[in-house]
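Chemist: Just passing along the structure, written as C-alpha cells.
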There are 4 protein chains.
Amino acid sequence: MSVNTFGHILRFTTWGESHGPAIGAVVDGCPPGLEIDEALIQPFLDARRPGQSKFTTQRQEPDQVRILSGVFEAPDGVRRTTGTPISLMIENVDQRSKDYSDVAKAYRPGHADYAYDAKYGFRDYRGGGRSSARETASRVAAGAVARLVIDDVSILGYVSEIGGDTIDMANFDPAEIGRNPFFCPDAKAAARWEKIVDDARKSGSSVGAVVECVATNVPAGWGAPLYGKLDADLAAAMMGINAVKGVEIGDGFAAARLTGEQNADPMRPGEHGPDFLANHAGGIAGGISTGQPVTVRVAFKPTSSILTPQPTVTREGEATELFTKGRHDPCVGIRGVPVVEAMMALVLADHKLLHRGQCG
Amino acid sequence: MSVNTFGHILRFTTWGESHGPAIGAVVDGCPPGLEIDEALIQPFLDARRPGQSKFTTQRQEPDQVRILSGVFEAPDGVRRTTGTPISLMIENVDQRSKDYSDVAKAYRPGHADYAYDAKYGFRDYRGGGRSSARETASRVAAGAVARLVIDDVSILGYVSEIGGDTIDMANFDPAEIGRNPFFCPDAKAAARWEKIVDDARKSGSSVGAVVECVATNVPAGWGAPLYGKLDADLAAAMMGINAVKGVEIGDGFAAARLTGEQNADPMRPGEHGPDFLANHAGGIAGGISTGQPVTVRVAFKPTSSILTPQPTVTREGEATELFTKGRHDPCVGIRGVPVVEAMMALVLADHKLLHRGQCG
Amino acid sequence: MSVNTFGHILRFTTWGESHGPAIGAVVDGCPPGLEIDEALIQPFLDARRPGQSKFTTQRQEPDQVRILSGVFEAPDGVRRTTGTPISLMIENVDQRSKDYSDVAKAYRPGHADYAYDAKYGFRDYRGGGRSSARETASRVAAGAVARLVIDDVSILGYVSEIGGDTIDMANFDPAEIGRNPFFCPDAKAAARWEKIVDDARKSGSSVGAVVECVATNVPAGWGAPLYGKLDADLAAAMMGINAVKGVEIGDGFAAARLTGEQNADPMRPGEHGPDFLANHAGGIAGGISTGQPVTVRVAFKPTSSILTPQPTVTREGEATELFTKGRHDPCVGIRGVPVVEAMMALVLADHKLLHRGQCG
Amino acid sequence: MSVNTFGHILRFTTWGESHGPAIGAVVDGCPPGLEIDEALIQPFLDARRPGQSKFTTQRQEPDQVRILSGVFEAPDGVRRTTGTPISLMIENVDQRSKDYSDVAKAYRPGHADYAYDAKYGFRDYRGGGRSSARETASRVAAGAVARLVIDDVSILGYVSEIGGDTIDMANFDPAEIGRNPFFCPDAKAAARWEKIVDDARKSGSSVGAVVECVATNVPAGWGAPLYGKLDADLAAAMMGINAVKGVEIGDGFAAARLTGEQNADPMRPGEHGPDFLANHAGGIAGGISTGQPVTVRVAFKPTSSILTPQPTVTREGEATELFTKGRHDPCVGIRGVPVVEAMMALVLADHKLLHRGQCG
C-alpha cells in the first residue's frame, strides 16, 4: 500500500515522476453531467506553471493537460463528465539531460533522497523523481475537476508572508493577487518581496512563505466526524504538499493564546441559518462546516535546493558535500498557491458528495 | 459514509456518545502474538482521566477498559493478541442527570451544536453527544494497543504553553512531566500555570495550550507517499482531536521565516545510517521518516464552555444567550497530552505495518 | 490489515469470538433520522437464533441485541439514528464449558483451524473462535439496520435445495417459508427435508443446501462499476458467509449453457422505465441494477462437524484422528437464510447511498 | 464514489472507454525492486488480444502497453519497480468509425446500456463505452505486474466448457491450452468446440462458457478474515468480469449435494505442513489459504451481441427492435481466460502483501 490516492468519495490517484515521460491523475467518483473541457482545466495549470517569472524555476513546461477518459458529448451537444474515471495526462517536456551523478551517489540535505532510499532501497534520482513538486501539477488538474463539483463555492488563495515579511490586511485587494508574480494581495508587500526573493535567487539561497486560502459560500453541514472531519482532511491535504511544515484552521496557534471569551464566535439570527459575529474557528466546528468562510494557513519551508554546499553522506555512507546545481524555485511557497487552492477544492468537493451520500 | 475509522492497516473504529451507556473502539489489523492485558491499557486511560485535580473537569469516570475480543491465552500461557479485532469498551458512569433543556433548544457558540444540527437534522445534546472530548478515551485505549506494535519507539508528550506562557527549554526535565497536573516538563512554568489555570477556572473563563510530542527511535523508511505521508497522517490525526486548530511538524511555521541555509539538516556518517546535525524537518522528509525524532506541535484553543453568556440562536432561529453551566476543563489542552501521544502511536504503528506490507 | 469491515458508504465492522464475552457490530454511515429500536432488530436475530428446532444446533443463545450508541430521541419523541456509529452488542451466554483439549491440539478437517494457525501462529480454539458461524449474528443485526435505509425494498430468502433435493417452483408459496424450520417455500419439500436432515443429524453426518434470495423494488441505477459492481459486491458478501462455496446471479452457471437468444432479456415500454420480458440477468447489467428483481443463489457445503473420525494432524505435525463432539447444525445452510438476507440488505443499502453520493 | 479501484494493499485503478484515445491502469503499492519491463507484460496482453482467430472479435488492436511511471534503472542496471505508482497505458487504435446512431438512441438487451443511462443520465455509447470488455486489457496488464509479486505461484486458467460441452479430465493436458484458440486443455473438446463456436458465429448467435483457474504453490495463511476472505475477494474479482454470472470455489455448488463425510478434506503429516487427502475446499478454509491449490470456476454468459433482432425501447421509452451489427466475440468466455488469470494474480499478490503487513 503506497496510498497515492486521496479522497473518500471523489477520489484521485496521481502517478508520475519529475523526469519520466508524463505525469497524471485519475479522478474517480465525479458526478456525471458536469460540463468539462481541457480549456476549463488549463488555466489552473497555467497559474502553477514554472518559468513565468525570474522568481520561479526556469524549467519550461507547457503543462498541457489531456483528458483521456470519462468525458463524452452529452445529448445536449456539450462535453460532459460521464461518471466514469477521468484520466488526465500531462507530458513532461523539459527534462533537461543534465548530469545526475552527484545526486545519484549522495543525499541532498532537506530533500527526500535519503528517506526514499531507506524505504525503497533505491530511487529515481532525476529531479527528485516522485518526490518532486512537479507532481503537484497533477493535483492542480484534479482540483480543476473538483471545482466543477462545487461551482457555488469561491476559493481564494494568496501568499501572506515571504521570508518573514507579512502583508498588511489594510492593503488587502483580491484583484492585486493576479497582478504580481507572488500571488500577493498587498501591492506594497509585493514590491518588497521582489527584492527579498531576488536576493535569495541571486545568492543561491531560498526563503519560506505562508499561504492562506479562504473558501466562501460553503454550506453548513459538510464534514464527516470523527475521523473524516473537514479540518482534519484539510490538514492532511495541506501537510501533504511538498515543503509544507505547518497548517492552521481559523486562528490556529494564535487561538491557543486567547481566552474563551476572546475566542468565542457568537451568533445572531440570520437569513439562512445563524449569522456569526466572528470566525475564530475558520468556518469549522466539530469537524463540520458552519457556513462561515473556511480558512486555512499553510507554512512552506524555504526550498532545500541551495548553492551553499552542505555536509552530507553518500549512498555508501561516506562523508561528502553537496549543493544544488539545477534549476529551482528560490521560494517554493509562491507556486504553492494554486496547489493549496486545488487541495481545498478537492477536500470540499469530496465532502459535498460524502454529505449527500449519508444525509441526502 | 461517516468515517469513524482511522488508519490504513492498523485501523480503529470508535463509537459512543458522552452520555450513552458506554463508549468504545474496535482495533483491527493488530499483529497476532503481542502480549496484551487490560492492565497494559489502563495506565494510559488513567493519565487522561478527568477529575484528578481541580484543573480539569470534575466529572468522575473510572474509565475502566474491558477487552471483549481479539485476545486469547497463547500456548505459552500468556494472553496475546490473536490477529482478530480487539473490541475495547469503557462504560460511562457519571452521566450526571442535569437539565439539558438549554442546550437542547439553542446552540452553544464555539461548540459543534449548530454544525451537527445543520448536518444531521438533530443531535444528542447531552454533554456534547458524539462531539464530546469524552470520545478521546477510546482513542487513548486504541493508542495503548498501538504502542504494543511499536514497542521500540518512545513517545513523549507534554504541554509547552498555556495561556501564552511558554516553558523554558533550559528547564526541560522529562521526569517533571508526571509530577504536576499540567504534563509540564518545566517545574517553574508549572508553578506559574497553577495560577493561570486556577484564575481561568474561578472566573469561569478558559485558556488555550500548546502540546508537543516527540517520538524517538522511529526507524527511517516509515511513511506512504504521496497521500499517506507520515506528516500528512499526523496532521490529520492531530487536527481531528477536539479543540485543535493548528499542527506543526518540526519547525513548522517558524521554518517559513528561515533561509535555506538556516533550515538545512546536514548529515554526516553515523553508525546506523547518517547522523543529522539538525532536525528542522521534525524527522520526516518527503513524507517518510528519516530516523531522527519525529516532532509535532499541536495548538488547542481555549475551552468553548465559559460562564460568560454569549449571544446565540435557538433551533428555531431566534436570538438568545447561553453560558455553560456544567462541569468542564478550564484548559482542555492539558488532558490533550495523552490523546496526542495516542494518535502519535496509532499513526506510527499503522505506518510500521504499512511499510512492512509493501517493502517487506 | 485484517478487513473486519464491509461496505463502501454504509460500513459495518464486526468483532467477537464464539466463546468470548460478547460479539458485536459497529454500523457507520447510516443516514440520520431513521426510526430505530432494539425491537426492530431483534426479529431478524430471532430468525437466525440457534436451538429453535431439532434441526439446528442446540446451543441456547437468547441473542438479545443492545444498541450502545448512535441513537437518540429526536424532537418528535421517536428514537432515531443520529448519523453517528451504531454500536450493537450481543452477549454470549451459553459458552458451555466443555473440554477443548482435542481441538486445541489438532486440526479439525474442513474447519479453519489449520489455516488460522498457519496465519496467526495460534488461535482461539473454543467453538471455532472468530471463524465460528456465531459471528453471523452480528451481520444479521447490522443487516436489520441496513433494512431501515432501504425500506422500499423487499428481500425474500429461502432454502431451495437440501442434500440435493430441490423445491418445485410450482409449489412456491412465500407464506410457507415461516411455517417450517427450513425456510422452505414448498411444503412438500419441507416434509421430505425433515427426514433428510434428521437422518443426517442422527447419524452424526451433515448435508449441504442452496439458499436463494430475491430483492424486489430495487430501482435501476444502483451499482458502482467497475470494481464496486452490484453483482461483484453481492458475490463477495455471499462468498464470505461461513460454509459458502458458490454464488450465482440470475441464471448463473445455467446461463453458460444458453445461447444469446435464449439468454436475452428483451424490453418493452413500461410505466416506469422499460418492462423486461425475462430476467436471466438477475436484475443487474454492467454491474448496475436494472429495476428488475435482484436474484442470487448461494451454495452451502455440508457442515464440516461430523461424528465420523477423520484423519488429521496435530499442531506438532503428528498423525491423529478427530471427530466433532460438540453441538452443531446438521445443515448449516438452513440458518444461512437470515444471513444471506442481511448481506443482501447491507449491499443494497450501501449502494443506495453510494449512488446518491455520486449521482445525487 | 465510483470504485474503479481494486485491492487492499496492491491496488489498481483502471480508466478508459472502448472508443476513447486510450485505456490504462495505475498499479499502486507494488513492492520496490522487482524486475519489470514492457516485455514482461506484453505476452499476457497478447494472449487476450482480439482478432487472432475467427472465433473472436475482428477488432484489430495491437494492445501495446507503455509503462509511464514507477520504474527506474536500479543500481544493478536492471529496470525495476521503484515502489511508486506504475502507470500503464494502452492506446486504442481500431476505433472503427461506424454508425452508432442505433445504440445511441436505444438500449441493447443484455447490455449495460439502459443501466448506465438510468444511473448516469447519459452514456458513451460507442462500443459499450466504459462497460466494454475492452477494459479488461487494463486488468490483464495490471495482473502481469501482480505476477511479479508472487513469482513462486503458478496460475493456470483454461476453458472447461463451451455451449454446454465440457472437457474430459482424462484428456487434460496443460500443454494443449496454448495450442488451440479456445484455451482448451482437451484436444478432443477443442476440436468439437470449433464447430460449436463457428456455428454460433455464422448464425450471428453466441454461446456461453465456463473458465477454470488453478493457483498452485500458494502458501498457507493468505486471506484476511472476515471481510477480506481470500474466497470472497476472488468471488468479487471474478463476478466483476464482464459477462460473468457465477463463481465457485473448490467444489462450489456440487458441495451442496455432498455429505459431510464426502466433502471432508482429511490431512496427514506432510513435509511442509499437513498433506491434504482431498481438496473439495479449493484451497481455502475460513477465508484463508491452506497451502493446497486454490481453484475457482467462473461462468460466462453467451455474448449479448447477436444478430437476431430483439424487442427493446428507445431512450424516449418507445418500442423498437435492435440487433448488433458490429464486431463481437461469439463466445466472450474464451478471451476471459487471461482476465480470470489476471484477477487471480491480483487477488493473491494483494493478499501476500496484506498478510506480510499484519503477520510479518
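From the backbone N, Cα and C atoms, a Cβ is placed for every residue, glycine too.
Below are the features listed in TrEMBL for this protein:
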BINDING   C:ARG48, C:LYS54  NADP(+) binding site
BINDING   C:ARG130, C:SER131, C:SER132, C:ASN242, C:ALA243, C:GLY286, C:LYS301, C:PRO302, C:THR303, C:SER304, C:SER305, C:ARG327  FMN binding site
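So that I understand the layout, could you describe where these features sit and how close they are to other parts?
Modeler: Mapped onto three states, the DSSP output places C:ARG48 (NADP(+) binding site) in helix. In the shown protein chains, 25 other C-beta atoms lie within 10 A of the C-beta of C:ARG48 (NADP(+) binding site).
Annotation note: C:THR303 (FMN binding site) sits in a coil segment as assigned by DSSP.
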Chemist: Would you kindly determine which binding-site residues in the set C:ARG130, C:SER132, C:LYS301, C:THR303, C:SER305 have their Cβ under 8 angstroms from any Cβ of chain B, listing them in sequence order or replying 'none'?
Modeler: C:ARG130
Chemist: DSSP three-state call for C:ALA243 (FMN binding site): helix, strand or coil?
Modeler: coil
Chemist: What's the CA-CA gap between C:LYS301 (FMN binding site) and C:ARG48 (NADP(+) binding site) in angstrom, rounded?
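Modeler: That separation, Cα to Cα, works out to 18 Å.
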Chemist: Select the most exposed residue of C:LYS54, C:ARG130, C:LYS301, where exposure means the fewest other Cβ atoms within 10 Å, treating these as the binding-site residues.
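Modeler: C:LYS54, out of the binding-site residues C:LYS54, C:ARG130, C:LYS301, has the fewest neighbouring Cβ atoms within 10 Å.
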Chemist: Which of the binding-site residues C:ARG130, C:ALA243, C:SER305 has its Cα nearest to the Cα of C:ARG48 (NADP(+) binding site)?
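Modeler: Closest recorded candidate to C:ARG48 (NADP(+) binding site) by Cα: C:ALA243.
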Chemist: Would you pick out, from the binding-site residues C:SER132, C:THR303, C:SER305, the residue whose Cβ has the largest number of other Cβ atoms within 10 Å?
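Modeler: Counting every other Cβ within 10 Å of each candidate, the maximum falls on C:THR303.
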Chemist: At the level of the C-alpha atoms, what whole-angstrom distance separates C:SER305 (FMN binding site) and C:LYS54 (NADP(+) binding site)?
Modeler: 16
Chemist: What's the CA to CA span in angstrom from C:THR303 (FMN binding site) over to C:LYS54 (NADP(+) binding site)?
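Modeler: C:THR303 (FMN binding site) and C:LYS54 (NADP(+) binding site) have their Cα atoms 15 Å apart.
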Chemist: Do you know offhand how many angstrom separate C:SER132 (FMN binding site) and C:LYS54 (NADP(+) binding site) by C-alpha?
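Modeler: About 20 Å separates the two Cα atoms.
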Chemist: At a CB cut-off of under 8 A, do any of the binding-site residues C:ARG130, C:ALA243, C:LYS301, C:THR303 come close to chain D? List them or say none.
Modeler: C:ARG130, C:LYS301, C:THR303
Chemist: Between the Cα atoms of C:ARG130 (FMN binding site) and C:LYS54 (NADP(+) binding site), find the distance and write it as a whole number of Å.
Modeler: 25
Chemist: Same chain only, sequence gap of 6 or more: which residues have a CB within under 8 Å of the CB of C:ALA243 (FMN binding site)?
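Modeler: The answer is C:ALA133, C:PHE300, C:LYS301, C:THR303, C:SER304, C:VAL332, C:GLY333, C:GLY336.
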